[in-house]
Amino acid sequence: MENLLSDNWDVKPKHASEEALQRWRELCGVVKNPKRRFRFTANLSKRYEAAAMRKTNQEKLRIAVLVSKAAFQFIQGMQPSDYTVPEEVQAAGFQICADELESIVEGHDLKKLKFHGGALGIAEKLATDPSNGLSTESEALSRRREIYGTNKFQESEPQSFWIFVWEALQDMTLMILGVCAFVSLIVGIATEGWPKGAHDGLGIVASILLVVFVTATSDYRQSLQFRDLDKEKKKVSIQVTRNGYRKKMSIYQLLPGDIVHLSIGDQVPADGLFLSGFSVLINESSLTGESEPVMISAENPFLLSGTKVQDGSCKMLVTTVGMRTQWGKLLATLIEGGDDETPLQVKLNGVATIIGKIGLFFAIVTFAVLVQKMFGRKWHEGTTLKWSGDDAMELLEYFAIAVTIVVVAVPEGLPLAVTLSLAFAMKKMMNDKALVRHLAACETMGSATNICSDKTGTLTTNVMTVVKSCICMNVQDLSDPSSAKTLRSELPESVAKILFQSIFNNTGGEVVVNRRGRRKILGTPTETAILEFGLSLGGDCQAEKQASKVLKVEPFNSTKKRMGVVLELPEGGLRAHTKGASEIVLAACDKVINSDGEVVPLDEASISHLNTTIDQFANEALRTLCLAYTELENGFSVDDAIPESGYTCIGIVGIKDPVRPGVAESVALCRSAGVTVRMVTGDNINTAKAIARECGILTDDGIAIEGPVFREKSLEELLELIPKIQVMARSSPMDKHTLVKHLRTTFNEVVAVTGDGTNDAPALHEADIGLAMGIAGTEVAKESADVIILDDNFSTIVTVAKWGRSVYVNIQKFVQFQLTVNVVALAVNFYSACRTGSAPLTAVQLLWVNMIMDTLGALALATEPPNDELMKRAPVGRKGNFISVVMWRNILGQSLYQFIVIWFLQGHGKTIFRLHGYPDSDLVLNTIIFNTFVFCQLFNEVNSREMEKIDVLDGILDNYVFVLVLGATVFFQVIIIEYLGTFASTTPLTFMQWFVSIFLGFLGMPIAVALKQHFPVET
């Protein structure tokens, strides 16, 4: 089976080619219901449409930029454009309409922008304050909404339950059975009258309706689960200033006139104009397909919705929102394009197609054999040319049986069971703080053999405080609240001034006052810790910011491991401040402030003292940062890079970031599950080693290496080194990418990678499973990820792995169960047709069996919650066979037992149950066979809960869905046998007949135990 599937039914979990996706669709034969079968697959035509839109956008932007450049040169001599403000816009208190704003930004129209007074002029016409933002008065905001619209994007209408009923009715085999039922009704009533002649036809109709409604209910519940997950995926927040206060707000609440703060990794939430900022690079590939980043400045101020901030930070004025933006129009098409189908969905479509073709062949042969037997009988009786209504009904029944064999034999539920299991798992994982963005990640995570984890915020709490410092060469412990005052009293005034200037100006954070008058620090945990340190020493953030003018900013970069700022001092002159990884910044220093507050050359003794201090801090698992400054000559231009050397060291701070509770246990659990955990961090190697030991990641036989050393290794050295690497410190994003690539390609490992920064995007993209941090992660990282860890906790990653394994195993259980029913139903009907000229299971009975094995079976087995046993077995990895040898043993063993039982009952049932001479002996025997067959499936369903474990009842009551499905099936089986005989071709059974039916079904359980004990399979 695996060999048949491997060539044409293999797609990658990520970045599958359009050819591969198209190929398996073309190979899908014997599809009963295309609408249902392909509901959760990508819409390739919509994807082509989106690609065409991107190309059009790229061309439009290219032309717009060329036109605006040409126009810019002639603006001075041109007359202003004619523009009349519409009356309703003026009446609402604005001086520019939505169409004009759209044409300025989307068309990159510098001429129109200059006519309206630039970005500040447009802010005035939008009745907004560039410093304080919009007023939060509800009436003013609602007026703005009416004129300019909201930042909401077009969504597909939710499908009602009746749409799913209609789609379930599109099943070709059910339609044919419907026609058979209609003909049966007409012929039956014509020959036997009402109501007796209508029983068979009405029985089929009732069965069809039952199948349709159960199927539709299951599909509708799935769609609701996916809709809930989609809502979660779309929750994106951004920093906005309103009423003079800066706060986080949903991007869907933005309105034209809002002042938005963008920084590295943010997605531009609407079209707008650059107001102020530094070194802003925008990646427009999501909108235009163009990978080259665009520099945004006052000369090129146009920011487009859906693009990503690759570098720098800025303040932006929102001008156009929602469906008026190009991103809004493109997004509607992208959403319709859907998610790629998962490898298991494709593989099981292959299984369904192969078995469907076998089933179709058996159905045709069964029909041919039954018809041949009927003609043989009529030939023998000499009535070949005489045809009665009974003969027509018999022929119709044979045709209905053949069609129903196709219904049972084509396991249409296999690929849909994947979706059911994934939808269930994704919903549960949301409760466990993991948001799955791509369906395939659920499956792949179960096969993961390696996890490359960040340290900060994932293994640690990301709640940072400065607990040690070394300023003026003096080490001070700051864990005591009063120690900050002691340190401040010991600092010379000149040193305190430079320290505050460095802390409050060279930062990506901000100290703000909220509406209640309370001080609040915005920014990353590291920035928050440093700013908190500055405030505890008595510094005034606002005063320091106002005292100096910022000329240039270089934001923190994980490649350089530092950030810098150039200030114009109040007394004149320029000064650059830098802050970053201690050993890197210290290496850029040639001077230091000594204990007397004087600037002195950095000699060997001082370097040795500072390096020892860094190592001491790092060995205590503290993050270390070095602060330094340098005086610049007046010839410095803002276009020049901030100097990389010649600095004076102000001091070193040690930041405590405690290990998260439960991480050590989670790492141990991964190790027992055969999953290797590696720490990849930008921190100092001693800090990394201390944390890794505390977490249980770094063992005696493992290696800790620094990024720069890793980079210098040859390919041969890397092949020997990589399997032993447990910690990589001072790594760059490209080091992480290289490690992941080698693990995946050279060592054939299935790799999960965590990331939070913009520069982590390549590694997240390269990994089999990209895990982005929900709290610390940037929007760019989240966009590149497959799963978002909402609480940034390593233990949640282990939970995701457990759920991944659960999904994989649950689908294996369901496949094992369904293939057993397929094999037995085909064999029994074919054998009976050949031996007796009739089928023991009627169309109505087969439809009921189909529902047990398809929709109800999927509900019961595909929704089993994960257990701890899952993390005690080795991962499947990249090369594991989905339909394993263990599964084939169970399928063939159970199929053989069930076939022997049915064969034995057909041959000797009348004797055992003393039915000879009984008026309806055939009907009673066929009822017993049908009842036994159903109970064989029910007990086999219980067997399928565990493929290798003997105790299949362990934890059965924890899965209420399983118990409910089993109970409902037994209840309806009793109703069908005892009360619906006229429709289902059954008759009430005696207590003894019931007991034997159930006992024969139950015998499947000891048979399963015997198979597991006496036919062990090496896995």
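Heads up, the Cβ atoms here are built off N, Cα and C, so glycines get one too.
Mean pLDDT for the domain 'Cation-transporting P-type ATPase N-terminal' (114-189) in the predicted structure: 85. Taken from TrEMBL, the feature domain 'Cation-transporting P-type ATPase N-terminal' covers 114-189.
For 172-190 (among others), the entry in TrEMBL reads transmembrane segment. Here the transmembrane segment (172-190) has Cβ contacts under 8 Å with residues 31-33, 196-202, 204-205, 208, 211-212, 389, 392-393, 396-397, 399-400, 403-404, 406-407, 410, 843, 847 of the same chain, all six or more residues outside its ends.
As annotated by TrEMBL, transmembrane segment applies to 202-220 (among others).
The transmembrane segment annotation in TrEMBL covers 354-375 (among others).
The transmembrane segment annotation in TrEMBL covers 395-425 (among others). Sequence-distant contacts of the transmembrane segment (395-425) (same chain, at least 6 residues past either end, Cβ-Cβ under 8 Å): 30-33, 36-37, 39-40, 171, 173-174, 176-177, 180, 183-184, 187, 200, 204, 218-219, 222, 225-226, 342, 344-346, 348-349, 351-352, 355-356, 358-360, 362-364, 366-367, 370-371, 374, 436, 439, 442-443, 803-804, 806-807, 810-811, 814-815, 818-819, 821-822, 825-826, 829, 839, 841-843, 846-847, 849-850, 853-855, 857-859, 861-863.
For the transmembrane segment (882-903), the list of distant contacts is 1-2, 344, 347, 351, 812, 815-816, 819-820, 823-824, 827-828, 831, 840, 929, 932-933, 936, 940, 943-944, 947-948, 1000, 1003-1004, 1007-1008, 1011, 1015, 1017, 1019: same-chain residues at least six beyond its ends, Cβ to Cβ under 8 Å. According to TrEMBL, the transmembrane segment annotation covers 882-903 (among others).
According to TrEMBL, the feature transmembrane segment maps to 923-940 (among others).
As annotated by TrEMBL, transmembrane segment applies to 960-980 (among others).
Look at TrEMBL and you will find 992-1011 (among others) tagged as transmembrane segment. Sequence-distant contacts of the transmembrane segment (992-1011) (same chain, six or more residues past either end, CB-CB distance under 8 Å): 889-890, 893-894, 897-898, 901, 912-913, 924, 928, 931-932, 934-940, 942-943, 950, 952.
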Secondary structure of the domain 'Cation-transporting P-type ATPase N-terminal' (114-189) by DSSP, residue by residue, totals 47 helix, 3 strand, 26 coil
